Amino acid sequence: MPEGNPDVTESSESSNGYAPAVIEPKWQRYWEENRTFRAQRHAGREKAYVLDMFPYPSGAGLHVGHPEGYTATDIVCRFKRMRGIDVLHPMGWDAFGLPAEQHAIKTGTHPRTTTLKNIDNFRRQLKMLGFSYDWEREVDTTDPNYVRWTQWIFLQLFKKGLAFQQSDMPVNWCPALGTVLANDEIVDGKSEVGGFPVEKLKIRQWSLKITAYADRLLEGLEGLDWPETKVKQANWIGRSEGANVDFAVDGHPGRTVTVFTTRVDTLPGATYVVVAPEHPIAQHIATSENEAAVKAYIADAAKKSDLVRSDATREKTGVPTGAVAINPVNGDKVPIWVGDYVIGSYGTGAVMAVPAHDERDHAFAVKYKLPIIRVVAKPDGTEVDVAKEAYTDHGVVNADAVTRSKAPIDKGMPSDHARRQITSWLASQGKGQGKTTYKLRDWVFSRQRYWGEPFPIYFPVKTDGDPRVAGTKFEIDYSEPIPLDEAELPLLLPDLEDFKPGSDPAGPLARALDWRFFEKDGKWFARETNTMPQWAGSCWYFLRYVDPKNDAEPWTDEAYKAWMPVDLYVGGSEHAVLHLLYARFWHKVLFDLGLVKDEEPFKKLVHQGLILGTSYRYFTTADGKVLPGTTKVKRNDDPPSITLDDGTEVEEKWATEDQVEVKDNKFFHNDLGVEVVMVAEKMSKSRGNVVNPDDIVASHGADSLRLYEMFMGPLEAVKPWQTSGIEGVRRFLDRVWNVCTNVTDDAPDVETNRLVHKTIKKVTEDIEAMRFNTAISAMMILVRQLGALPKTSRESARQLALLVSPYAPHVAEELWERLGGTTTLAYEPWPAFDPALVKDDVVEIGVQVNGKARASIQLPVDADEAAAKAAALADARVQQFVEGKAVKKVIYVKGRILNLIVG
């Protein structure tokens, strides 16, 4: 057993001798030196692959919100090991990405240098918190041997026809960052990293054909033990059954606007059509009177991301083109508008508008004074006043619809029947057809940056000389991508001194001429200068963990069968859609290639709730005037701004906890004297509300931090951090220390032993259900009871140490050693409860008289109605309400309640 360092003292040491600053490093050294948590498979044993979503190693390090999910999985893993289950619990780093590259641009420090430094700090912090990871399986997505296999998987996608180029792909382009951004990398129309403007641009891009797997990605959700994430994924895929309808453009022979609709039954009520700004016909059909306005609108829309444009809460805008389309079901001429809420890459890039039966169309029609025609009534035939609001439910065809439709529909026909009739008629007329569409788009997979995996692809070059020499003319034939030979993997990034992105989409790798161009068999070739997105490495890292040191292949069949699939996956809900969708897509492709044995990689998924930081808000005007945080302001979306009622723009400012004082239950800024408003929100440096776990560990110990994060509330709930709250769990650990170091070899008394076994049962069940906070409450009750005894039975103390160990492993190990343990308790058998001891002999029930609560009494657990009635009538608190009255009826629910009806 390890030896502590008696010379170390810290402020975290208690007067009773409990010193986390001594105990915690001691046991961390022991676990590392003895490889305590090395994952191994044993014949005949159950396995548990418990996985955390691996972090991006930022320069800021961990804040106290990060360890929440890690602590939860660590509790589960420690518990399972003690139950004889083989556990794989790894950790690694999702280390490519924009932040390291932006830092390199600012400082000139190579991203690899920064990344390794950040990883060292993250690893130090995680070890400091006592997590039982198998560090021998650590992976880093930027490591050459990891990059090799990421590139290898890409080549399998390429050879299967699932990786392809698009020459004019409309993308979110950020000029300042010099790269394409995914929708979820944009916040309020600006890049999440740096807050730079984002615009629309058409460039050559690599994409992955995830749409080919849309149905399977939907179907695979059925058997998964996931939370509401399944609904989010299904909505993102967005499978819709409906019809494509062709609207001929009047006066433009051969031009047609095709719309997709799930409510073709409302087609007779379509009164206008809206096309996306990027729709091919948007500029070509505008009349001379409308052309300038249309062009200006299209240019303005190009500056907004798809995410901003499709925000359902945003007011819909548009401009008329002056052109009209022909409604195919009735010949009506309806105006064609351009509206940025229609996205060119979604569906057909155009929508038919039926304002009587769609809320968004109704608001648009009211705003621009467009016709509203009712064609669907309620199921009972009742008509709704659609001038006031749209009727959006299904119902029955009304008389107007019949008179406005050439398709064979009848008044009173249900909506679903009308859909079939109209769709069939459109198909017979060559004006439409049934269609299944998906909101899911193919995955744009290239970035114009340096710090990412290079594509293992090159292209032929036509040149009259050496293209690396200035002035040499050359032309790259992008239509003929050539895969790199697998024996040449990994293709590594060249060393650059200038990481700045170019103003064009070629990317910084285009400047590495000796790397980009190479000669082979007398011909010149050029490497792809785009890099893969940060998502690439996270699509398969869970597979590399099962066989991380393998140089010959990414994993073996034997290693896969030993550990996969992942049994429990825990991470933030912000990854609920894209990361999980992309990882599932790659896994299904690997399944089709025979490289994995399961279609789904993650059996059970849990999202931990955010731990919010506390900050204090006030406002300032442009001239420096300070306004209270209680000031009424208006928050505007487009463009983002904050204004007063009179339109004056103000800036939101934030104070930290140490800058604030409390007066009369209100918060005031120490220096400015102005009232501030406390706000609990996601921790960020800009808000000044980040709490560093290093500080908490130094003052209270890692075990206290772990316990507090689990005691704050249910794992999935959003919870505000309060540093003062950690004092309570630290006092609990002091009491645990006291009762376990003040022991007797005498057997425990009956009541104490009964409570110990009840606590074992409760903690066992709560860990299995991941109800960690209520398990801690149960242990607190037990410790309070034990603390009231002159001495604690050694048997009870040892059981307590085992129960506490998944939550507070350092102190538990130390107490186990002091209680006679000769080796780590990490693999000691989990304590079992005696069913006879957890069954209550006595139960407390409520007594009512005429339905009103009057008393509580204790009864034998198996007491019948006669015994319960006799005990109640003998109680003085009950007697005063029944005296002189007859008991007419008795209502008795055994073990719960007795109600005496008297009169």
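Quick reminder: no glycine exception, Cβ is built from N, Cα and C everywhere.
According to TrEMBL, the protein carries these features:
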type	residues	note
DOMAIN	27-230	domain 'Aminoacyl-tRNA synthetase class Ia'
DOMAIN	235-399	domain 'Leucyl-tRNA synthetase editing'
DOMAIN	439-612	domain 'Aminoacyl-tRNA synthetase class Ia'
DOMAIN	681-708	domain 'Aminoacyl-tRNA synthetase class Ia'
MOTIF	682-686	motif ''KMSKS' region'
BINDING	Lys685	ATP binding site
DOMAIN	756-865	domain 'Methionyl/Valyl/Leucyl/Isoleucyl-tRNA synthetase anticodon-binding'
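With respect to Cβ pairs under 8 Å, the domain 'Leucyl-tRNA synthetase editing' (235-399) is most closely packed against 439-612, considering the stretches 439-612, 681-708, 756-865. Neighbour list (Lys685 (ATP binding site), Cβ cut-off 8 Å, at least 6 residues apart, same chain): Ala60.
Secondary structure of the domain 'Methionyl/Valyl/Leucyl/Isoleucyl-tRNA synthetase anticodon-binding' (756-865) per DSSP, as helix, strand and coil residue counts: 58 helix, 19 strand, 33 coil. For the domain 'Aminoacyl-tRNA synthetase class Ia' (681-708), the list of distant contacts is 10-12, 20-21, 23-24, 60-67, 71, 74, 125, 128-130, 610-615, 654-657, 721, 723, 725-730, 732-733, 776, 807-811: same-chain residues at least six beyond its ends, Cβ to Cβ under 8 Å. Secondary structure of the domain 'Aminoacyl-tRNA synthetase class Ia' (681-708) per DSSP (helix as H, G, I; strand as E, B; remaining residues coil): 18 helix, 2 strand, 8 coil. Predicted-model confidence for the domain 'Leucyl-tRNA synthetase editing' (235-399) is 93, expressed as mean pLDDT.
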